[in-house]
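Peer 1: Dumping what TrEMBL says about this protein:
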| type | residues | note |
| --- | --- | --- |
| TRANSMEM | 62-84 | transmembrane segment |
| TRANSMEM | 104-124 | transmembrane segment |
| TRANSMEM | 131-150 | transmembrane segment |
| TRANSMEM | 162-180 | transmembrane segment |
| TRANSMEM | 192-215 | transmembrane segment |
| TRANSMEM | 235-251 | transmembrane segment |
Amino acid sequence: MVIHQLKIQEIEMNQKLDSLDIQTPTERTSQISSSKSHIFNDQNKNLIYTHIYNDHKFKQNILIFFTLVIVINFFCNLALLVANCHPQDVIEENYYLPFHMLDFYGSFFFALSEGCVLILTGIVTMDSIKIYLIIVNIGGTLVALILFTFDPEFFEETSHWIEYSVQLLLTLTDFLFIFQQDKESLMYKYRFYESCIIILAFIMSFLKLFVYGGVIPTDGQNERMAHFLEYSGEMINDCFAIFFIVLQLNIERVSVMETMQSSLERLLDKNGIELVK
């Protein structure tokens, strides 16, 4: 009788244990990991969207800033071109220093802005040979600016030779803008005409060296004639940079809209982001 009661109690105890649904440590760890993975996906999905969106917006804002800088440089060159219409002796007597300071500062900030835009848009990378072109452009214009700032009269000729030599490379840099145009771009079909304009600007920059050096006679107006070629060529460079940035801004605007409308998987694939599982 006692044995029978013990068996009944044992059966009841087993039923209670089964109802508790006790899990092994391995099963518990698996469920916790699965839960964390689910939480990770839900919580970080919005973070990934936000990261991609902010990245495109940041590029947009930086490109807008450099557009304004280059637009200002364009009108500075236009003002210098107008001021250069006066005879050389009038320039030297009335506004010699601000005239040349604006010239050298404009060349430096244009080279700096152009280099930043090319790097920001991925056309020039730090491991590319084209980065040395950017370094020479920025470094050369900076050296010319610093030397002229030290002593305008003593270093004027040296600074101009450095500046004019570097501007040959600045003109060639415009080809990077053309060759990176998307085939679907509105400007793609005009690549031949754009190339002809750049070649013309390069020839102007090359002739500028001969004019300034007196190889081409200018009746004693070699610096003034060289300035005409310089500011005209600089305005052409400004226009190419502005048009390129406007096209890039349109690309970034489309990317922002796609970020707001596309699926997460498509965004990750387009932006080269891979989640480590």
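Heads up, the Cβ atoms here are built off N, Cα and C, so glycines get one too.
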Peer 1: Looking only at the recorded stretches 62-84, 104-124, 131-150, which one has the largest tally of CB-CB distances under 8 Å to the transmembrane segment (235-251)?
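Peer 2: It is 62-84, which has the most Cβ pairs under 8 Å.
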Peer 1: Using a Cβ cut-off under 8 Å, which residues of the same chain at least 6 positions beyond either end of the transmembrane segment (162-180) come close to it?
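Peer 2: Tertiary neighbours of the transmembrane segment (162-180) are 103-104, 107, 110-111, 114, 118, 121, 123-124, 130, 133-134, 136-137, 140-141, 143-144, 147, 191, 194-195, 198, 201-202, 205-206, 208-209, 212, 226, 230, 233-234, 236-237, 240-241, 243-244.
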Peer 1: The transmembrane segment (104-124): which same-chain residues, six or more beyond its ends, come within Cβ distance under 8 Å?
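Peer 2: The answer is 59, 62-63, 66, 69-70, 73, 76-77, 80, 130-131, 133-134, 137-138, 140-142, 144-145, 148-149, 159, 163, 166-167, 170, 173, 176-177, 180, 234, 237-238, 241, 244-245, 248.
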Peer 1: Can you name the far-off residues of the same chain, 6+ from the ends of the transmembrane segment (62-84), with a Cβ under 8 Å from a Cβ of it?
Peer 2: 91, 95, 99, 102-103, 106, 109-110, 113-114, 116-117, 120-121, 224, 227-228, 231-232, 234-235, 238-239, 241-242, 245-246, 248-249, 252
